[in-house]
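These features come from TrEMBL:
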type: BINDING; residues: Asn58, Asn59, Gly60, Gly61, Asp62, Gly125, Val126, Gly127, Leu128, Ser129, Arg130, Asn131, Asp154; note: (6S)-NADPHX binding site
type: BINDING; residues: Asn59, Asp121, Ser157; note: K(+) binding site
type: DOMAIN; residues: 10-211; note: domain 'YjeF N-terminal'
Amino acid sequence: MSKAITIAEAQRYDAHTINEIGIPALVLMERAALATFNNLLNDDFDLSRVIVVAATGNNGGDGIAVARLLHIRGIDVEIYLLGDPAKATPQTAQQLKIANYYHIPFTTDLNHVVNATLIVDAIFGVGLSRNISGKFADAINAINAADAKTVSIDVPSGINADTGEVMGVAVVADSTTTMAYNKIGLLTITGKQHSGTVHIADIGIYAQDHLEHAR
Ligand SMILES: NC(=O)C1=CN([C@@H]2O[C@H](COP(=O)(O)OP(=O)(O)OC[C@H]3O[C@@H](n4cnc5c(N)ncnc54)[C@H](O)[C@@H]3O)[C@@H](O)[C@H]2O)[C@H](O)CC1
Ligand SMILES: [K+]
């Protein structure tokens with residue numbers, strides 16, 4: 001079985017890749033988005049009306065970049081944005097700027113989530129730190145009430161990636177594209193029930209960089 005990591009390890013490997021190796025965070029985000037995009041195409045989903053539900057952390061940034069990749073190919077895609085864009089991470093703020101350049105439509109109508117043919121869940125990844133309530137919970141309930149298939153980015157939003165615990169409410173995905181390594185919480189019974197088919201995406205983040213053949 002392939003390696004699975006904790007939230008702390010994911011965060012440490014990300015930081016090492018960005019700060020010590022020097023691969024820019026936006027490059028990693030683009031690779032995360034491309035990997036997710038490829039899985040959307042390969043898994044043969046109905047892409048007639050796609051909605052990306054994104055928050056303003058880096059998980060949301062991955063999702064906004066996926067929306068752009070779809071939009072550029074002529075696919076009907078909208079973004080349902082949760083949280084305050086003024087508080088977005090630098091990478092996610094940049095993704096929002098690019099999305100605006102391409103005039104990707106934003107919606108504030110949860111009915112568009114319910115009526116989509118495919119939902120991309122980019123609300124929370126390994127940064128989830130407390131129980132989910134309010135608008136975030138409403139969006140997750142709408143995702144789960146929709147007939148559409150759902151693809152989660154990195155972690156089904158609401159699942160604690162260390163324990164598999166549901167943090168109040170959690171997305172039930174058909175497929176999850178998780179970055180670099182599987183997460184130990186996704187191997188628990190609840191984790192598996194919520195993540196569906198897990199695709200592990202190589203985005204250039206490795207647990208060890210002292211591979212002799214790599215340097
Ligand atoms: N770091 C990288 O280089 C890469 C990360 N990738 C993706 O980024 C996420 C992790 O991003 P991060 O910004 O650390 O966290 P999240 O987006 O998961 O969310 C954090 C955000 O949400 C707030 N928050 C936490 N819990 C709650 C809650 N219950 N209700 C409301 N708000 C909440 C928190 O305060 C933060 O503001 C990772 O999973 C990847 O998807 C890329 O893969 C590229 C490389
Ligand atoms: K997610």
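Each residue, glycine too, has its Cβ placed from N, Cα and C.
Listed in sequence order, the residues of the same chain lying 6 or more apart from Asn59 (K(+) binding site) and placing their CB within less than 8 Å of its CB are Ala122, Ile123, Phe124, Gly125, Val126, Gly127, Ile153, Asp154, Val155, Ser157. Under the DSSP three-state reduction, Asn58 ((6S)-NADPHX binding site) is assigned to helix.
Taking Cβ-Cβ distances under 8 Å and a sequence separation of 6 or more, the neighbours of Asn58 ((6S)-NADPHX binding site) in its chain are Ala25, Met29, Thr89, Gln91, Thr92, Gly125, Gly127. For the K(+) site, the Cβ centre of Asn59, Asp121, Ser157 serves as reference, and the other residues of the chain with Cβ at most 8 Å from it are Val53, Ala54, Ala55, Gly60, Gly63, Ala122, Ile123, Phe124, Gly125, Ser152, Ile153, Asp154, Val155, Pro156, Gly158, Val171. Selection of the binding-site residues Asp62, Val126, Leu128 by a Cβ distance under 6 Å from ligand 2 yields an empty set.
In the vicinity of ligand 1, defined as a Cβ distance under 6 Å, the following of the binding-site residues Leu128, Asp154, Ser157 are placed: Leu128, Asp154. Averaged across the domain 'YjeF N-terminal' (10-211), the predicted model reaches a pLDDT of 97.
Long-range C-beta contacts of Arg130 ((6S)-NADPHX binding site), restricted to its own chain and to partners at least six residues apart, with a cutoff below 8 Å, comprise Met167. DSSP gives Asp121 (K(+) binding site) a strand state. Other C-beta atoms found within 10 angstroms of the C-beta of Asp121 (K(+) binding site) number 29, with every protein chain shown included.
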